[in-house]
């Protein structure tokens with residue numbers, strides 16, 4: 001198998017629900033970051049891009065009908081460059097990266113754009129087609145998050161807990177108390193605020209010009225003024241007497257991220273710097289009721305695949321869907337908590353579903369370059385009971 005390198009990685013700022021980026025279509029978010037990524041590599045003739053693999057979790061609205069191809073054309077890539085959209089829900093962006101890396105490693109491509117996008121602000125309501133001409137009742141479904149138009153057999157099998165209820169399940173089964181969750185959430189905001197203040201996101205951020213001409217150049221959800229006292233006063237959202245609140249869960253967001261993956265031959269030919277080498281990727285399944293623990297088997301699988309141990313990891317990005325699940329994963333994997341999300345995570349920055357896997361990997365690669373770390377892990381939980389993980393290495 002051929003070595004695969006990351007030659008560039010960029011992301012948009014992450015906007016809050018109905019916030020700064022809500023007027024930007026998801027295909028335009030994707031096109032903006034693809035265009036900016038390719039422009040960052042002047043030595044690259046865009047016609048040499050072999051494919052675009054793009055993650056999108058919703059695909060019910062403006063990101064329908066293969067947003068990868070739409071975004072590639074909107075970005076100005078030649079019509080000869082194909083595109084395919086992949087969907088592993090929250091890990092869609094990470095899945096796009098692993099698909100791209102495996103394609104290059106197999107010798108079927110040399111240069112691939114991978115990434116993901118999501119506009120949760122613009123996610124539509126959907127209306128199922130009725131079986132009758134004049135139905136008595138039609139129910140709409142909000143496509144932003146969670147189950148929709150579910151097969152009754154799936155409900156009989158698994159009960160269809162909401163995402164927040166699955167976090168409560170993880171908190172209970174893995175003994176993660178409310179106090180730890182709020183402390184973790186506070187630390188996420190503090191670390192993200194400090195990282196922004198110190199310019200640690202500057203190399204990864206690509207500003208977005210809205211239709212009204214306003215330039216959005218900063219993440220919107222970081223709360224510099226939050227405190228443990230404020231977080232501890234919030235009421236549980238999903239269960240009476242529960243522990244999961246709006247403060248220790250990730251928000252809903254808009255954003256996009258893209259990475260340029262190249263073979264070692266293309267890297268050397270074009271004279272590009274390697275941000276890091278793709279080592280391995282893996283996904284694993286768990287019971288949907290505890291989907292938040294998915295990173296544990298996925299990480300163990302990918303470490304075994306690379307013949308690494310958790311002690312080899314020097315930098316780690318865990319997507320913080322919920323503080324409860326992130327902490328449970330840290331505990332179960334036995335990783336040093338100080339290595340996890342030193343620039344903050346999704347609780348502070350946001351979790352635009354299809355974008356998030358590409359976002360955490362982008363943040364990880366830029367931080368490893370800054371700190372000199374050699375081995376890194378990006379991992380995340382996935383709705384309906386999965387986890388995904390990717391290992392990267394720098395020399």
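From the backbone N, Cα and C atoms, a Cβ is placed for every residue, glycine too.
Copied over from TrEMBL, here are the features:
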type     : residues : note
DOMAIN   : 7-265    : domain 'Thiolase N-terminal'
ACT_SITE : 90       : active site, acyl-thioester intermediate
DOMAIN   : 274-394  : domain 'Thiolase C-terminal'
ACT_SITE : 351      : active site, proton acceptor
ACT_SITE : 381      : active site, proton acceptor
Other CB atoms, at most 10 A from the CB of residue 381 (active site, proton acceptor): 33
Residues of the domain 'Thiolase C-terminal' (274-394) by DSSP state, where helix covers H, G and I: 58 helix, 32 strand, 31 coil
For residue 90 (active site, acyl-thioester intermediate), the number of other Cβ atoms found within 10 Å of its own Cβ: 33
Pairwise CA distance, residue 381 (active site, proton acceptor) versus residue 90 (active site, acyl-thioester intermediate), rounded so that it is a whole Å: 7
Distance, residue 351 (active site, proton acceptor) to residue 90 (active site, acyl-thioester intermediate) (CA atoms, angstrom): 8
PLDDT averaged over every residue in the domain 'Thiolase N-terminal' (7-265): 97
